[in-house]
Amino acid sequence: MRILTIDLLKIVSIFFVVISHVTLFFLLRDDNDVVLYFLRQIGQLGVSLFFMCSGYFLLNNRHEKQVDYIINKAKGILTVLLFWLIFYYLYDTYFISKFTTVPNTSFLNYINVSRTTSDATHLWFIFAIVSLYILTPLMRNAFNETNAKGIMKILVIMLIISNLTLLNALTDYKFSFSLIPFNILIPFQAEGLISFLIGGYLGLTKPQIKTFSFKHIMLLVFFIISLISLSIISSRTGMVFFYGKFYNIFLQVSSVCLFLFLVNLNINEIPLLIDDISKNILGIYLVHNIFVIEIHNEFVHNLFLEKFNYINIYVYIIAYSLLAFILSYILCVLLRKSKITSKIITI
């Protein structure tokens, strides 16, 4: 079942991720710029929203054989993942290395995208989503209307406990002590789990908010306030403090508010181009680093910035991100023309 607003949400999410990856080059050179932190944080927002979209459908799917359904999806995505790990390894080793210095890394080390920084680093998300797929059969039966209130209570508890990691980090940084025993925090730090469960809860309850009513507009207001707050705090603490912590309260408030705002828009049809982009969204995520080159990108940006030195840096980031997104979409369209190549960008 397709929901047009969620198709639109996925497109927005991936574009946010592309912007974030382009921004990294500039943030590493100016780590006090609040606007750069904002552009970097919207990438985390995009990832959180994508986890929510996945939970929205997976935790409310109606397949009778849950285990078989999930295992087949996991197999498909792991096959695609293996192809792109090999591709990016060859891309970095034999192409990008001609323009800049690329560390000599064995393929076995390259696969561990959590430890090895490379242009395949963005594939960590695919590993994370596979883990959530595997958990789905265990959680699916709990997602019914009878349990809705209970699920909400558990989500609140999980959100509180997971954010204690930030309290620990703060007290450790300021006063050299950590108040909360680490053991209670570990089970709630699976990447994307809380966003995934929130998406499942929203898919179960489907909150209805009248389009452009006061409540609907306030969702947009809270989304902006929360994201700006996260960006300002990040500029004071440094990116590492929040980065990768998708459970942090500011990010979750932003994600839920934007999710509900877009889902409650009355959209009955979308342009054919937008519809086609939504069908290629996984592929766009997989291939976008061919053009963004998130890690070994000095030669690209130095070249463009020298030629277009009159352009505002923030305008440059958005323009380059849009170009990379468009090129990624075009590549996916070309790959889909063959049954063989279409298999590496779809599941």
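Glycine is treated like the rest: Cβ placed from N, Cα and C.
Annotated in TrEMBL:
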type	residues	note
DOMAIN	5-331	domain 'Acyltransferase 3'
TRANSMEM	7-28	transmembrane segment
TRANSMEM	34-58	transmembrane segment
TRANSMEM	70-91	transmembrane segment
TRANSMEM	122-139	transmembrane segment
TRANSMEM	151-170	transmembrane segment
TRANSMEM	182-204	transmembrane segment
TRANSMEM	216-234	transmembrane segment
TRANSMEM	246-265	transmembrane segment
TRANSMEM	277-293	transmembrane segment
TRANSMEM	313-335	transmembrane segment
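Only pairs six or more apart in sequence are counted, and the transmembrane segment (216-234) with the transmembrane segment (246-265) gives three or more Cβ pairs under 8 Å, enough to call it a contact. Under 8 Å from some Cβ of the transmembrane segment (277-293) lie the Cβ atoms of residues 7-8, 10-11, 14, 17-18, 21-22, 80, 84, 88, 91, 96, 119-120, 122-123, 125-126, 270, 300, 321, 323-325, 327-329, 331-333, 335-336, 344-347, all in the same chain and six or more residues away from its ends. Most Cβ pairs under 8 Å with the transmembrane segment (246-265) belong to 151-170, among the candidate stretches 7-28, 70-91, 122-139, 151-170, 313-335. The average pLDDT computed for the domain 'Acyltransferase 3' (5-331) is 91.
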